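Marked as region 'Disordered' by TrEMBL: 202-222. Annotated signal peptide per TrEMBL: 1-18, in sequence order. Under the heading transmembrane segment, TrEMBL lists 157-178, 239-258, 278-297, 317-337, 400-422, 434-453, 465-487, 499-516, 536-554.
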Amino acid sequence: MGAGPALVALLLAGSVLSATLLAPGRRAEQDVDEKRPVELKMDQALLLIHNELSGTSLTVYWKSESCYQCTFQPLANVSHSGKPAKPSVTAVSVSTQHGSILQVNYTQGETAACRLEYKFGEFGNYSLLIQHASPGASEVACGLVVNENPVDSNLPVSIAFLVGLALIIAISFLRFLLSLEDFNNCISKAITSRETDRLINSELGSPSRADPLSDDCQPETRRMPASPYRLRCVDTFRGLALILMVFVNYGGGKYWYFKHSSWNVSWDMVRIPGVLQRLGVTYFVVAVLELIFSKPVPDSCTLERSCLSLQDITSSWPQWLVIMILESIWLALTFFLPVPGCPTGYLGPGGIGDLGKYPRCTGGAAGYIDRLLLGDNHLYQHPSSTVLYHTEVAYDPEGILGTINSIVMAFLGVQAGKILLYYKDQTKAILMRFAAWCCVLGLISIALTKLSANEGFIPINKNLWSISYVTTLSCFAFFILLVLYPVVDVRRLWTGAPFLYPGMNSILVYVGHEVFENYFPFRWKLEDDQSHKEHLIQNMVATAVWVLIAYVLYKKKIFWKI
């Protein structure tokens, strides 16, 4: 972008000025509107706004590129310096999480002077130059220059990923070597000499089941019936999801992309909905449906291995009917329930979204039902939409209406289990059905969302727990099972470790990580609280400790069940 003839001088001045502003305890020069140093936090950069328009005051507005149909928010007022050939400079911090849109308006009359888009980097130092396009011209030009390059805050994540990948490859290769008979023979020969084998086999003899001094034969050991085989792919999948959830709940290194999407005491303020509450209601409903309507797996499936093509689905038609009725209730309430002060069928975040027209309509019917039945004080007070959309009302992502769709998702999980039961040991039939469900649910998601984040009929939204969110995640779940089942349970190329261990103690790990979140070794005082690297190390260590705890409990055969 063009910055005008004074670019070099402004760059030099900007560098000196930014060093002053960032130095602890130092004050800015007198021609800077901000009298205090700007203290940058994580996911922020320093922006120096230079107003070179003599006798003209400006207002700079900002909004995030990821904030759908949002109104501009005031960022800074930049008055004129009152000194010829000397620009007025204002220092502000800007977000680096997403791309930014800056709009400069004349303070008097609030007409737009210029506008630009830019993705700032963390702890970077930038200058926004506002000046006449050419000497004597009335047109205004805005230019952005970099005074100091940002840091690569994603480098710790990349290193952690590569180290983890290297460990997985090394362990997998070692397991492969140990599975080779020739390699095992070489190891055995290296550890045990042939002479020792000869002495054991010839002179010391082999252990015998019968006592040579007694005529009585030892009683034959009775074989215990083999316990049913536990599918390791399911525990592995559960553990993988749980470990990711624990890592994110502990902070995810304070990276914005590990946080929940922007669209999240006394008895008077206690939160009624919650994750465990939703799990309890969901599993209760699905369990009651199965207890009432489920039928035993036919002998033709378990013994003759000849199930009909859709028998795993048709045998559950009463449950499917109830699920369809529940989903119809969700659709009817979501799109046809009148909500005071809000458009019918509204699915937006409220706040400054939708051009600020519906600031108190967060979540539409879902939010309205929760506030009506539970009250504002008993809902989640800091929803994730607050950061980006400046939400004004309480909204609970584990609310009443969304629980209907969590029941639908749980029932899809039951359907996956029935595939494994009805087509036991029929690998091809199981994989075909996993693939079919993956494709069907994926196509439904495509139809509902139009492959768009905001323009579809029903967007993928965790806060609303929308039906498209359910179908999309269930599609990925069936795909993961499609990969894990042959690898872990059929071919046994991978044991599922380390995810298997927390997967077999999921309730204990989930409850434990919440209860002991603020205790050592899960949390400690950091030297630099604004460092992604330190937060990432802390959160990874905390997550790894829970994996270790789950491993110890697995070895001791301690499993916490409800």
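Glycine is no exception: its Cβ is also placed from the backbone N, Cα and C atoms.
Because TrEMBL annotations are produced automatically, they should be read as predictions rather than curated entries.
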Do any residues of this chain, six or more beyond the ends of the transmembrane segment (536-554), have a C-beta under 8 angstroms from a C-beta of it, and if so which? 156-157, 160, 239, 243, 246-247, 250-255, 498, 500-502, 504-505, 508-509, 512-513, 521-524, 526
Ranking 157-178, 317-337, 400-422 by the number of C-beta pairs under 8 Å to the transmembrane segment (278-297), which range is first? 400-422
Please figure out which one of 239-258, 317-337, 434-453, 499-516 racks up the most CB pairs under 8 Å against the transmembrane segment (400-422). 317-337
Counting Cβ pairs closer than 8 Å to the transmembrane segment (317-337), the top stretch among 157-178, 239-258, 434-453, 465-487, 499-516 is 465-487
Applying the under-8 angstroms CB criterion, which one of 157-178, 239-258, 434-453, 465-487 scores highest with the transmembrane segment (499-516)? 239-258
Return the stretch with the most CB pairs under 8 A relative to the transmembrane segment (465-487), choosing among 157-178, 239-258, 434-453. 434-453
State the non-local partners of the transmembrane segment (434-453) in its own chain: residues 6+ outside its ends, Cβ under 8 Å from one of its Cβ atoms. 68, 412, 415-416, 419, 459-460, 467-468, 471-472, 474-475, 478-479, 481-482, 485
For the transmembrane segment (239-258), the distant same-chain contacts (Cβ-Cβ under 8 Å, at least six residues beyond its ends) come to 42-43, 97-98, 153-154, 156-157, 480, 496, 498-504, 506, 509-510, 513-514, 517, 522-523, 532-533, 535-536, 538-540, 542-543, 546-547, 550
